[in-house]
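A.B. asks: Can you keep this structure in mind? I'll have questions shortly.
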Amino acid sequence: MNENVIALDGPAGSGKSTVARQIAERIGFNYLDTGAFYRALTLYLFRLHGNSPNTESFADWVKTSEAERSLSDIRILCEFSAGKENRIFLNGEEVSLAIRTPEITREIKHIANRRIYRNFVNQELHSLAKLHKLIIDGRDIGTEVFPDAKFKFYLTASSKVRAERRFLQLQEQGIEADRDEIEKEIILRDKSDMEREIAPLYQANDAILIDTDILSKNSVISKILKILDR
């Protein structure tokens, strides 16, 4: 049983990241954003593809041996910061902001859906877990990456509630958005995550289900902390 890892899985917008960061700060663990690793990997490959003379689309190129061989040239480092976003470095360059662009968000699915790239990221995560106590959020942390984690939680909420949260978040950032369109995107993302062939989203048999529809953020945090204290 792995006592260095607390796994938080669930669909997009269920509150995993916010909850994970605050719990990590309270119990002295480090919060690890697995999505940042996939984004950094996507950024590296996207740049490599853009600088190559090939005419293949990015989606097709990442399936080639040229793209897969480039994994040996990639070094992704994570700098932890209590209660804040991880700082991510790609081959020595800080890319914490560069990995959050709409372009990378759009292309990341081509990386996350391929086993060789998931294995690369998972290996990085396991290396970190040997050195640090981590609370990790994602889609398959408790089912595939760390199935031996001592504590596993699955956070969920209705698509309507998750869309409202995202809408308010965008408003705070001064970005105009449509609630209905956001909900449609969330529903499509759920379908894609749950039906993908590799590492689909589902609740682990031994994960504790928490419905964040009916609980405030502080209530969710309190509930998880009580379970961790048992």
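Glycine is no exception: its Cβ is also placed from the backbone N, Cα and C atoms.
The ATP binding site annotation in Swiss-Prot covers GLY10, PRO11, ALA12, GLY13, SER14, GLY15, LYS16, SER17, THR18, and the record cites sequence analysis as its basis.
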A.B. asks: Based on Cβ atoms within 10 Å, give me the single least packed residue among the binding-site residues SER14, THR18.
C.D. replies: THR18
A.B. asks: Enumerate the residues of the same chain, GLY10, PRO11, ALA12, GLY13, SER14, GLY15, LYS16, SER17, THR18 excluded, that satisfy the criterion Cβ within 8 A of the mean position of the Cβ atoms of the recorded ATP site; list them in sequence order.
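C.D. replies: Close Cβ neighbours, site residues excluded: VAL19, ASP137, LEU155, ALA157, ARG162, THR212.
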A.B. asks: Let me check the 10 A CB neighbour count of LYS16 (ATP binding site). How many other CB atoms are there?
C.D. replies: 26
A.B. asks: Run through the Cβ atoms and count how many others sit within 10 Å of the one on GLY10 (ATP binding site).
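C.D. replies: I count 26 other Cβ atoms within 10 Å of it.
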A.B. asks: Do any residues at least six apart in sequence from ALA12 (ATP binding site), in the same chain, have a Cβ closer than 8 Å to its Cβ, and if so which, in order?
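C.D. replies: Within the chain, ALA12 (ATP binding site) has Cβ neighbours under 8 Å at ARG162, ILE186, ARG189, ASP190, ASP193.
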A.B. asks: Per DSSP, to which secondary structure element type does THR18 (ATP binding site) belong, with helix, strand and coil as the options?
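C.D. replies: DSSP assigns THR18 (ATP binding site) to helix.
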